[in-house]
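Taken straight from TrEMBL:
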- 54-322: domain 'G-protein coupled receptors family 1 profile' (DOMAIN)
- 42-62: transmembrane segment (TRANSMEM)
- 74-99: transmembrane segment (TRANSMEM)
- 111-132: transmembrane segment (TRANSMEM)
- 152-174: transmembrane segment (TRANSMEM)
- 204-226: transmembrane segment (TRANSMEM)
- 267-285: transmembrane segment (TRANSMEM)
- 305-325: transmembrane segment (TRANSMEM)
Amino acid sequence: MSAITALHVSEIIQSTTVAFVNATGSTNTTDVGKELSVLLPALWSVLIVIGTVGNGLVIYTVGKNGEMTATNCYVLNLAVADLLFLVIVVPFTTIGFATKDWIFGDAICKIYVYMIYVTLHATCLTLTAMTVDRYHAIVHPVSSMNWRSRRASSIVSIVVWAISLMISIPFAIYHGTVNHLNANKNVYCAEVYPNVTLDNVSSVGVIITTYVFPLSVIVICYYSILKYIWNGRAKRSSSFKQEEDCNGSAPLSSESQVRRRRRVTRMVAVVVLLFATFWFPIHVYNFCRKFVTIPQTSLMYGIKIFAHTLSYANSCVNPFVYAFLNDGFKKAFAKTFPSLYPWCPCMRTVSDERHTQVTGMVDQAIQAMPEDENDVVVTKSEVLPMTRVQPQTDL
């Protein structure tokens, strides 16, 4: 989740001055305050650090420990898109806002805007692919096994980035440096469309392709998932009960697989929900900016800044979602960074849970052993090293 949508980039890095239009139509300007010009760059810098560290850890953890399942591949895609946005886009925005000027030239302006839209489209397409993958994993778990492979998810990821790279080219073409007609002769990186119609079509197109369309697909997929789970719950419960009656125990492996799939699906749902929530204000603002007359007041300026900052923050939250909602990621993270064990509640939970599970298995094994005097007594310490067999799971 990355990038800002179709908007004049100069709106973010403009001077911290708000024009107030009075009833007579004349304008006066008032300084928003030196505090804002210091606070916002500081806040964005914190987001850069948190997001870079978090997404960097996700990339390293998945690459080092994770089997490249479909979900892991898409998680990696999201982390890369967020990381690119945070290290390439946000620093330029921060510097531009602090200096109240674009000092990097026309070529960097085009690259800057290009990366905004590349990362945005890559994020949206990846979220859509993740949701479709979850739909097939839950609703069609058997028939989808062949194409939910490492090879298939890698091909989808390549296609996602190829589309993102190509579809973003026009935005680089129609952006460039613009000299602002004010006393300071500020230079901004802004839209330079040849006519208003193309500008409006571009704006609406971005909102549709990066918000309306992907969320529509996602909503349809999750509606189908919930409908399938709801309709199939009684049938599966009956099936489990029959197997339990015949075998004397419930089919734990089948139940655990279903629970694991649902946990991963829940994680993807949270990621999508955060994306939709964090990006809704900026999409509404951009739409209104194009088609509704927005009063130039300090309140509207504050709403604009809040909307942009919220969209930036979305690039930082996914690592926390993985850490708190994904058992596979927590285990892999604890394994990769064992020295952080005392400081990370997530890892302590994983370690405690693993210890509890293993101890429970050992207790059952010991209780099941015969009590004949000639039998060898097996202690927990002797059994523990042999009790862990990990199935392949999505991080």
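Indices start at 1 and increase along the chain as displayed.
Just so you know, glycine gets a Cβ as well, placed from its N, Cα and C.
Just so you know, TrEMBL annotations are computer predictions that nobody has curated.
Note that the structure is a prediction, hence the values are computed from the model and not measured.
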> How about the transmembrane segment (74-99) and the transmembrane segment (204-226): at least 3 CB pairs under 8 Å, pairs 6 or more apart in sequence, or not?
Replying inline: no
> When you scan the chain for residues with a C-beta under 8 Å from the transmembrane segment (204-226), skipping those not six or more beyond its ends, what do you find?
Replying inline: 5-6, 117, 120-121, 124-125, 127-128, 131-132, 134-135, 138-139, 167, 265, 269, 272, 276, 279, 283, 286-287, 290
>> Counting CB pairs under 8 Å, which listed stretch among 111-132, 152-174, 267-285, 305-325 touches the transmembrane segment (42-62) the most?
In response: 305-325
